[in-house]
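Asks: The topological domain 'Cytoplasmic' annotation in Swiss-Prot covers 1-227, 294-463, 485-549, 610-665, 687-905 and is backed by a curator's inference. Taken from Swiss-Prot, the feature region 'Disordered' covers 55-132, 731-795, 821-851. Annotated compositional bias 'Low complexity' per Swiss-Prot: 60-84, in sequence order. Taken from Swiss-Prot, the feature compositional bias 'Basic and acidic residues' covers 94-117. According to Swiss-Prot, the feature transmembrane segment maps to 228-248, 273-293, 550-570, 589-609. Per Swiss-Prot, topological domain 'Lumenal' is recorded for 249-272, 571-588, and the stated evidence type is a curator's inference. What Swiss-Prot lists as intramembrane segment is 464-484, 666-686, and the listing cites similarity to another entry. What Swiss-Prot lists as compositional bias 'Basic residues' is 733-755. The feature compositional bias 'Polar residues' is assigned by Swiss-Prot to 823-835.
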């Protein structure tokens, strides 16, 4: 614990930016990083991890520090607790592999427990024979006191990587000797280093995020080049803008053009314009941006040396992807399966059961590593943001007095932009989560609620002040960025900017499923763009708009045609029609470009409008049917968004307008992004800061602790037992907190009523919790209120059940073949099943509704990569469940579990 506190105190802003406390540089001082000079020696390794050895006759008596990184707070479970038994370790030696030795035998010693287990990927790792004295096994990596064989290293004890020079050189040595002034070091080969790093990962969230980032970035070269290009674009925009503003003598250009004298760019450039013409404020701004670029370059250097190289070796030697080009074609599921095959070679994830009895309790809290758990770790923070947006915890709408027409455009759907989204995530993530990716312990304690709310509100206000100060510079930068980026596209295809649509940032969070990785989500949205455009184009536009566009298209086309023909006819050596000024300082080329652009825009709009007419239906290769309802249902197969409020109105213009708020014009999104740079400070100060208390309540109430995984968002675990926390429409409307006493009394009433109605206990709990949170009238006051409340419960529950949709989609994308087939069968049964009748919780009547989740989703087959997480009937820890009978559950149980874990630290 003292070691962890010391590391926490040394943690600074720059250390976190540059990754100085990363999992890749938590090694000893004597550890030598990977050197590319030893690549040529891989031919001597013969496919093994350690196929050669280093001979020596003596050893060094060095004093090693007792550093134990496994005791750090890595995953907020009992495996990282100091009170838990010591974790087993394996010595890392360099003796030559013995082919006749049984590599599957595990040897134990009472003085230093360790374990080892073979895997298909590293079958060449042998094990040590049993020794009476294993005190110095950590030193046997280089110092060979006894014959030893290769095994996997663990980080429980410090290891010595130095040795005195041998008497004679050995041709079998795979460690490259480095000459130093006073000592010699040996470089570990890449494959051994990859194994060592994987065996000693202490922050699994950071490592898996880096693995996914490397996969999504298509390798180290593409990641480095992409980040360099971004910095070059920033530097080009700054330098080119300053050059155009203060580096060219435009007065001399205008005077020389009237004299018809030949002028070159060299004549127009002002010498020493940076020191003489550029204002001091602009120089300070350029200095600040230059410092930012330097920091980004330093960060890229650290990431390249300490992250990207290590991840590349990990993919190459352990995942089995020697070439980064294969990352563009390989599926993420294949990488997940290969990661799971390596779990027995990591001290946090090993599930070896052939261990002595004293280690059984320690193995119960091992880090979980399957497809669901990997997605939960990568999406730990994003899952909370998805739930925040879907439950409408954040109030982002603005209301300007005396401007009611403008207020309709300043709703949550239009105000939430990339800039505001980045500021909100920056304030929340750095406040809620610690450096290990886990939720801070004080956030989960109820008595800290008011203090945390004030601190988070102060963070939002500080971010508002910073955005207000940087607003002028950021606005100029983004205007230039969008102009340079989209002008060429607009010039080649004018309709690409004014006619194309894309999903808004608010829609991206609204449509995203829990545990859905970014590349799956982007693919799903891209598949929906075509059907969404077809659905919108089926609705006819206003008659005024259509006729006006026809007139403008005809007039602009006629004028453009006449100007082009006149230029071709009258242009010769004596007369230059293209430079003829139709108006003052406006030549014919200017008007040809202007009217040609108008004609292209109106033509593309009319083409999309008239593409569904009877004249064009016969010319289309594929059959087309005018059916907006069927088109929207087809779009919902990709967006997974079809609220029950749209039922019976899918063909109406109102539903189409609501869908267009999600799928908006691209030019409108760009304008909103620019306006957001001005509105973000006011939204952060007046709106988001007022939601600080609701944000703290959300993280406390919807965070559950999973043994071996830590605290995660409730909805990401796909737990269908507690329906009161599911995505209901009525819960989104509740903003105030209910006292715990009334909630506890409601639970007691619900439990007393459940004795006579055991078949209806789940819906009864839903009704009681919903009545408390929504502050509805008590169901026992009158029979009329019972009927209304029960009807609302069923309608709200089945209106937008996002957690169930996320569960089904996760099975389709990340499950095995059997799981995918099971999910497709159940989804087809759900679509084909007629509405069933569900019993009301408070009476014997029934209402029409959809089947419950327990009927929709069947248990998955065993022996699959997702069996432990995707089966809703799966128990995470059977031994812990047996020992915890009679314990409290729900919120009180979660708090009790948290305090127990907090004491064990």
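A Cβ is built for glycine as well, from the same backbone N, Cα and C atoms used for every other residue.
The model shown is predicted, which means the values in this text are computed figures rather than measured ones.
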Asks: Residues of the same chain, at least six outside the intramembrane segment (464-484), with any C-beta under 8 angstroms of its C-beta?
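Replies: Counting only partners 6 or more residues beyond its ends, the intramembrane segment (464-484) has Cβ contacts under 8 Å with 233, 237, 241, 285, 423, 670, 673-674, 677-678, 680-682, 684-685, 689.
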Asks: DSSP on the topological domain 'Cytoplasmic' (485-549): how many residues come out helix, how many strand, how many coil?
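Replies: Split into helix, strand and coil, the topological domain 'Cytoplasmic' (485-549) gives 46 helix, 3 strand, 16 coil.
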Asks: Report, as numbers and ranges, which residues of the same chain sit near the transmembrane segment (228-248): CB under 8 Å and 6 or more residues beyond its ends.
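Replies: Counting only partners 6 or more residues beyond its ends, the transmembrane segment (228-248) has Cβ contacts under 8 Å with 268-270, 273-274, 277-278, 282, 286, 289, 293, 296-297, 300, 476-477, 480-481, 484.
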Asks: Report, as numbers and ranges, every residue of the chain located at least six residues beyond the topological domain 'Lumenal' (571-588) whose Cβ falls under 8 Å of a Cβ in that stretch; write 'none' if there are none.
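Replies: Same-chain contacts beyond the flanks: 563.
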Asks: Could you give the number of helix, strand and coil residues in the topological domain 'Lumenal' (571-588) as assigned by DSSP?
Replies: 4 helix, 5 strand, 9 coil
Asks: Under 8 Å between C-beta atoms and at least six residues away from its ends: which parts of the chain pack against the transmembrane segment (589-609)?
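Replies: That would be 494-495, 498-499, 533, 537, 540-541, 546, 549-550, 552-553, 556-557, 559-560, 563-564, 567, 578-579, 582.
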Asks: Checking distant contacts: for the intramembrane segment (666-686), what same-chain residues at least six beyond its ends satisfy Cβ-Cβ under 8 A?
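Replies: Here the qualifying positions are 396, 398, 410, 414-415, 417-420, 423-424, 460-461, 463-465, 467-468, 471, 474-475, 478-479, 482, 486, 497-498, 500-502, 504.
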